[in-house]
Each structure stands twice: as C-alpha cells, then as structure tokens.
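Report on the structure given below.
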Amino acid sequence: MGFLDALNPFWRSEKGGIDVETRTVLPGNPSNVYCDNTVRSSKYTLLTFLPVNLFEQFHRPINLYFLFLTALQFIPSVAPVSPLTSLLPLTIAFLITAIKEGIDDWYGHRVDNECNSRWYSMVNMETLEIERVQCRDIRVGNVLLLLPMEVVPCDALLLLSSDKNGEVVISTEALDGELVCKTRHAILADVNTQRPTPSAATVDTFQENELDIRAAAELIRDAACVIETEGPKSFVNSFTGFVQVKSPHSSEEEEILIGLSAENVVLNSSVLQNTRFALCVALLTGNETRVAMTRMTPPTKWSMIDQQFNQMIIVVFLIQFILVTVYVTLSDTTLEKDQRILWYLSMYEGKIALDECIILLPLRFFALVSPMIPLSFKVITDASKALISLLIKWDEEMRDEQNHTEVHNSSLMEDLGQVEYVMSDKTGTLTRNSLTLKSVVTSSGKTFSPGVLHEASTLLRALQQDESLLHLMRVLVYCNTVESTQQMALNVTQPTMLNSPCFSPWVSPSPDEVALVEGATFLGVKLLERTRKRAFVMFGNNVESATVLKVLSFTPERRRSSVLLRIDGDLRFLLLTKGSDESVLPRCIKTLYNSKATSHTLTSLSSEGLRTLVSAYRYLTNEEAELWLTDIRKKEATTIAAERDISLAQAYDAVERDLVYCGITAVEDQLQDDVCRTITQLRTAGVRVWMLTGDKSQTAKQTAVVSGLVGADDRVIALTPDEVESMSLQEHLDYVEKRVNYALHKRQFQEAEKQHRTHSYWYVRFGLRDFVGEFFHHDSVLSLLFHTLYGTPSRDNHERFPYKSVVASDQDDDDKEEARSTTAVNANGGYVIFFSGKTIEFIRDSGNTELCANFKRVLLHASTVICSRMTPEQKSFVVQTVKQAGHVTLAIGDGDNDVPMIQTAHVGVGIRGREGTQATAASDVVVSKFCFLSRLLLFHGHTAYQRSAIIVQHSFWKTVALAWMQLLFNIYAKFSGVSFWDSFSIMMYNSLFTIPVTFLCALNLPLPASILLNHPQLYILSQRGRYLNMITFYGYVLRGFLHGTIIFFVALSFINDNVSGVMQLGHPIDRTCDFYLSCLALVTLHSCIILLETHSITLLHWLALIWSVIALFVAFYILWFFFRKSLFFGTLEKCQFLPAVDSRGGGAVYDTRRVFYD
C-alpha cells in the first residue's frame, strides 16, 4: 500500500463505498451500503494537506537533491555556512508551491460545498409525499423528482415522466460540452404494452394524457421494481442492467424483464430540459458516478527542455564530482605538506584521520559547489512558464468572438517552439463541421440539389415514378435521432428554458443528420415531428406517418445506422440504412445496382471534397420482424457489458443484409478561414503537416489539395490501392512493399534524405554561432532569411496547385513513372504518402520487420502524409511512431476520436467544435480556430522557447560563478573547505538580488510577431534548438567560470596593506572587504549582462536593475545596523572610502592612481 493509499480514508468521504460488479436497487428503499452523494473534487483536507503536499513535492528527484544539501548544512563539521542558507530558500520554495496548491484546492472546496448544499425534491414511496433533501444526503435507492432546468445530482434511472411517451430531453453541455440535446426514455413508460410474449405490432403509447406526480409515484410503487445494474465504472456512453417489473396485465405475480441501456439513464451534471417533471431512482452516487470515475489524471508530460535539462544536469554533476575530487586530493596533499609549518593547529597532530579524507572533506567541498545547481531555478522557471501561458491567453489576435486561447499545461510552452510534425484531424479541424446537403443521387443516376431553383417540385413529381428516390428520401427523414425543438417548446414551464442551446430547428448528436433533414426540407420532403415511437413526414401536400420500432445506432465499428419502422397503411416492416460505402455496399444485393456507375459517382462526389453516405433499404416479413425484436429484447437484458455489446452487434449484422441500394447523399463541409495560409506558413517553417482522418479516401485526398497540404511540386505515392477491398492480405502487403521500395530508391527520397542531413551539421545542431551571439542581434535576421543552409521560402498559396486540379499520382504505368521521377522533385517539392487505416493495420500485423522499418523511414521523410479511414487507436499509433523516432509532435483535433492522439503527442491542441469537449478537456492548449496554430507556434512557441532558454542558462551562469569563487578562495585557504561567501549573501543572492532581473527574461521579445509570421523560416532557430543545446549551455557555464575568476582576482588585488587608501583610514582591508566587493560586482555584472542581452527593454527592466543594486546596499546596511557584532562590522564603511572603488558605479575597478609602498 502506497502512502497516498494509506491516507485515502482520511480525505475520502465515501463511507462504506464498495466497488462491485453489480448492485441491486429497490426504488424507495435507500441503501447505506453504498457511498453517500457527497462530491469531493478537491485534493486535500485540513488533516492531509501538509503530508500529502510534501509527499508530492519530494516525488521530484531535484527536490530530493536540495533536501540532501539542506541536511548536510546541519552537520557542523561539514557545513561551511549556516544551515539557513539552504533551509530558508528551500522552505520558501516549498511554501510558495504549497500555498499555490492550497489556494487552488480551496476553490475546489468552495465549488464542492456549493454543489453538496443544493436542495432537491425526493418522493417518500410509503406516504407518496414530496420531501426536501440536500444533495449530499441522497442515497442509492432514493426516488428523486426532477423539475425543468434542474441539474441531475447523481446517476439515476428514469422511471416515469410527464411526457406521454416517456421521453425526457436533457442537456449534457456541462458533461461533454455538446450543445445539442439528447433524448432519454423512462423505463416504465412501456410497461402497459409489455406482454409475456412480445409482439412487434404492439406499439401503443403508455397514456394519451400527461401524468401528474402522485399518479406517477403510485405506478412506480405498484410496479415493485427490482433493478439489477452494473457497479461503478468509467464508461460514460454505456450502461447495462435489467429491471424486473410486476406485470399490470396479469392477475398472477408475473414479472416482466426489461433491459437497460444508456438511453434510460441520466448522468450526474445533466440538465432536465423539456418535461414538467421526471421521476428517477438513484443508482450511483458521490464519487462512484460515471463523471467522478472519469476524473482520471491525464498522462504526465514533460517538456523537451526539461528532459534536455536533466541531461545537462548529469554533466554538471560530473563537473562537481571532478572538482570535489581534485580539491579533496589537493587538501590532503597540502595538509600533509604543511604539518610542520602549521603545528599549532590540533588537526595536524599525528596522521590525518581517514574518515576526514574520505567523508568529511568530500562532503564539505560538495556543499561548496552545490550552488552550481540553483534552488531558485525551480521557482523561477515555473513562474516564467505561468507568465508565458498568461501572455498566450491574453493575446487578442488568438481570440474569436466568444472565446480566448486557454492553456491547460503551462509546462509545455517551450515545446511549441520545437514542433517538427503536426498531426491534424480533418472534420471540424481543417473544416468547419457545418454541414450542408449538396446533392442527392438515386440508384438510377438522377441527381437533385437543394440549392437549385424549382428542384423541390421536380423531385416531388419524380417520387411517383421512382421507388428508389422515395426510399432515399425516407432514409433522410426517418433514419436519424433528431429532435424537434418546436415540440420541446410546448412543454416549457420556465422562461429560462428559452435560452437553452437546444432551441434550433433540429437537434441531434450527429451534425450529418441535421444536414440531411434540413436538406430534405429544401427538396420538398419535410419532417414535421419525430418522437421515440412516431414520425410524421410531409411529401409535398401529403402527410405520411410511421411507427418507429427500433433504432440501430451508429458506432465507429459498424460505420452505419439503421431504423426499423412501419409505414401507416402498409403491413410490411421497413428497414432503412445509411452509412459509409465500405460498410453498406457489401451488404446490398449486387445484381440490383450498377457497381461501376455507383463507384464512379462516389469518386466524383468525393473529388469535390464532399462527404458521402450510401443509403439502402429492405422489407421484412411480420414473422421475421417479430422474431428479431424478441431476440433484441432478450439480448438487451444482459447485464454483462461485453457479452451484450457482442450479441447486439451480431443481431444488428443479421438484419442489415440483403439490402437494396437506393442512392447516395453528398454533404459539404467547407474549410475554415485561413487554413491554406496557415498550412503554407507551417510548411515554410519546416513543420511537416500530416492529416489523419476517419473519412473516406477520395474526400481526404481532395481536402488535402484544397487546403494546400499537397502542392503542385509534390508527388503522391499511394500505399493503399483503389481496389483494396478485392485484394487479399498478401496481395496488399506485396503492393505496399513495392511502393515503399519505389519511394526508397527514387530521386525524391534521396533528395529529402540529403536535405535532412544538411540540417545535421554539427555547427547547426549544437548552435555554435548562437554562442558567439550572431543571432542575438536584429541586424543578422535578414541575412539568415536568405542563408543557403535553410533555403528559400516555399511558394505562397496562390502559386500552389489550383484547388480544382488533380494531383499527380504514381499509379500509372512504370515507364511513365520513370520519366516523371526525374522532374517530380525540386527545391520546393517533395513526395506525399497516402494510405488508409487498413494498410497500417496489415503492416503492423504482418510481422515483416524490414517492411515496418522501411515504412517508418518513408513516412518520416515525406513532406506530407495523408491517412484515411483511421480509427482513434491508429491515429495514436502514427503519432507514437513519429514520437519514438525522436521528433517533437503536435496533435490537433476537435472530436472524441482525436483524444488518444492528443494525449500521445508531445503537445495536444484541442479545437472548440460541435463534437463535444472531450478533445479540449484532454488537450494542453485550446484554440478556437485552426488558423491560430501558426501564431501559436511561430510567434508564441518560438518566443517561449527562447525566453526559457535564456532563463535556464542565466540561472546556471550566475550560480556557477558563485560556486567557482568559493573554490578559488580555497586556493588561498589551504584547501580547507571554508566558504568565501557568508550565509546571508548566499541566501540573498539567489533570491532578492538576482531573481527579479532573471524573471524579466520572460518578458523578452527578441523579434516582433510581424517578423516571425512574415518570415516563418526563423522558426528553425527554435525548432533545431539553436538557443539551448550542449554548446550554448556549457558556453554559459564556461562564462560563469570566466566571470567568477575575473571578479575574484580583481577584488583580491585590493587586499594589500600597502594600499594608500587603507593606510590613510588606518584600517586594514580584510576578507570581508574582498567578499563585499565581489558580491557587489557579481550582482551588478549579472544585471548588466541581462540588460545588454535583452532585446526589448521596458521600464520594468530598469527598475529591476536599480532594485538589484540598491537591494544589495540596503540589505548590507540593515545587517550592519542590527548586527554590529557580525563579521561585517564597518566593512561597508571602509569600502565606500577606498579610492580604488567606485561604489556609485556598483562595481570594483582598478584605480590608475594606486600607490604601492614597500
């Protein structure tokens, strides 16, 4: 049991909470076995705050290092200075972090208390009276009365509602961020129609009129429900179980078994929308609700600069070890040599103790060099990252009409400046996800477009003669889960509901369904009303009604959805299906449609960038429908989730066969604003943009051309053939291997590999020119733009391939390939790899390691990669492949299927869209538009990386100089391990004297946004690590040694009894004068260097410079005034009157008038 697990009972409030596979719930009989409904999202309590927070802070190895140093200071024979020099800064640093965590957690306590104190209505099932109860006191089994616009306090099963069909519309915006409302169904609404032998013909509704609350409560009591449901789990979109209900149609004690699903359950944080009331029973409470169980800690991400810092620290440790070893050896040698001269020191009596040579002296010298790794680094870097994230949030150029950019993980700001690969989703990321029906094509080849004048009248006339068109239009209006908000408005009882996001013409969890229904309206087929059981459609002036028997919902695995219904006046049962062509066409009767014409239509529509869906239908006999519905009800009553999902999928697959193809629908999803410009800027900056989408191949290819991912100079190498469905596994692998070898041996790959090697020259990779300061000056910017090493900028978007052009493909004859390969690649061109999810799955499962290695090699050197039909897991795999190759990746998306790749990438960016907020919740940065990505990377990323690089290197420079002067002093102190600095100065140097100036590096602006955005090539400086690498870092370390040496010996030169100024005052200059002059010079030099290397000097920089120097004088004056018996007594006074020191200038300088006496 871990430390946190041991403390769990002290800060968790779920009394008696247990985790079981299933649980039995009796409505009206609350159980104390399960946890109460107290919600606690806070991390600490009053008792656990101190131990838990300390445990978390000491989880970091660097903090354990500082703790070890502090412990050394308490050993008198080891510590050269007071323990306060380490204890006080360590305490302050930990205290600042603890206060920050406490403040954040205090806000969580306030929110929890507000939530737990809400009042709700509860029905006493014995007296049928309504009682008031606080949210924290709700128990499993309580029957709750929910009113309009009331937040659901726990996970509850809907029993009855005021709606005659048992429908309840809820808003889940607080749960998943989706603005569209969802429909839930009360489980007891169909009890009157349940029979021991269910019949498909029984479709009567529960009651014709609405219920009142007391009548509904009586029905619940008479039903004597026994609910068997699964225990606490983190699956938000699934819920399994069953209810045993006493049959109202039988005189005997006969029970009905009803299966439960997610559509019968309302989750915590949902909001009731459309009914006067709803009665539900609490199933999961408190921290066992689905929402609470999904509050998982996101994967820990460390920035690349932090990982690089850890590598540099290892070398600093080696430097410390070498210095300690050398000085311990010199100390032993010196002590043995000077035993006779220093006979009066007791430590030289006899032979030197072994424990002093092996333990005491190494620890003492280690304590002297320990400031090389500064404790202030932890505080100042965290604070600077927080400031940088605020600057991104405050950027008005990255704000739309409603939202600004959000930063969820401020520790990754530097990685934005080192991104090499951008993995982007298509729908909702590159496109608007605002869908419009553009075309309807029947199986006979007729095309209808909603935007054409008089098209509706033409279609209505054709309906009488074309049966396929009739069924195609039925698919558009029936095969969906849309809700009419006009019907919702009839049940509105509170004016505040009018402001609900649900009030639009139609709402549905799928934007495609809304586009199809609205497009059908423009074609003269209008959906009038749609409920769970009934649907009414107007074909011109004729109204058609239908009874909905079963909806086969869409899933990513099936890639289709269906609905089983019966048209009034027709005794047959009709199954309508729509989905992807890969999913629907293989289930259609091939002899009833022209496969070549259909394939040509799909290709033609996809080439225009349209999203296509194939529609089909099938008639079922009464016997077949009744048997299938009976089987479905039995399988839905299964409580084991895995078995239930498999059995339902098999049942759906059994009925969705022998379909009749009736047509194709094409929906347009336009590009977002400035997508082409953004992609052009990123590619010019050396960032490779890949598109990973679940859409079909042709649509993905055309979107790549329209968006500028594929240019005129690029050559497409397809690893997925067009006839992939008819190919065997081995044939597919042979084709892939052939194309991969083609890419490896052709000129375009050789040119790309050569260009990759060009950027790997040692003087570029290690940034030697950065160290000498070539690119720290504004004058060298223009010369860099046209440097032959980086090449010229890519062509602007207007020079790219026209949007309606077709990109060159490599699937022509071999002789044509050979001829084109010599001209396909130039300075601005490259090759583009295209493949589908099926191809990557085959390669992974093939076991051919050589093919896998070559495949990865080809991908990494491609200018662009287009992936279609990708599953979420495959998207994550592609990102992980690039990540394992050592490249910095960024994934951007807006949907739930993008969450895995967002969490896998170094930096995950979520876009606020219409597909929920799971992507934004899992991301590190949230933006509103794709076009903000260029400013986020090229300006904020580049600037953040340079700022952090300066802060890190300056922090080590100033502490290396401090520690090195300690060792230089020991040369004159017989290598005894004494400290040159006193305890007070060491504490103040890394806090009051230098932190304000160093922190202002976070405000440094080396280049304005206009230059960085207009010249994207400058991004290469941060992308290649030009500002922070081994050479630049150890260049700063070397500069620290150099400056420390100069300051020490210049100050030491004043220690001479023959100096005239000293003789005139009558006081000799001792070590404290030398120390004070060195400290003053070091602080002033540090401030001046930062001021000189800062590109944008503000008033804050001047104030920080003045503060650093004045703070030193004030601090030493206070020390001298209050502690006159200290070693500093009179030191400041003596130094001020030295003719060789200009105290007004803040530093020690030589005086040419110095006179030396014999």
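Glycine is treated like the rest: Cβ placed from N, Cα and C.
Together with Asp425, Lys426, Thr427, Glu513, Phe554, Arg611, Thr693, Gly694, Asp695, Arg869, Lys875, Asn897, Asp898, the ATP site in TrEMBL holds one more listed residue from Lys578, Lys635, Lys929, which is Lys578.
Of all Cβ atoms in the protein chains displayed, 20 besides its own lie within 10 Å of the Cβ of Phe554 (ATP binding site). Here the C-alpha separation of Gly694 (ATP binding site) and Asp425 (active site, 4-aspartylphosphate intermediate) works out to 8 Å.
DSSP gives Thr427 (ATP binding site) a coil state; it is part of no helix or strand.
For the domain 'P-type ATPase N-terminal' (31-86), DSSP puts the residue distribution at 25 helix, 1 strand, 30 coil.
Secondary structure at Asp894 (Mg(2+) binding site), taken from DSSP and collapsed to helix, strand or coil, is coil. The CA atom of Asp898 (Mg(2+) binding site) is located 19 Å away from the CA atom of Arg611 (ATP binding site). Between Arg869 (ATP binding site) and Asp894 (Mg(2+) binding site), the C-alpha separation comes to 17 Å. Residues within less than 8 Å, Cβ to Cβ, of Asp425 (active site, 4-aspartylphosphate intermediate) and separated from it by at least 6 positions along the same chain comprise Met691, Leu692, Thr693, Ile892, Gly893, Asp894, Gly895, Asn897, Asp898. Secondary structure from DSSP puts Phe554 (ATP binding site) in coil. In sequence order, Thr427, Leu435, Asp512, Ala666, Val667, Glu668, Asp669, Asp695, Lys696, Thr699 are the residues of the chain that are 6 or more apart from Arg611 (ATP binding site) and have a CB within less than 8 Å of its CB.
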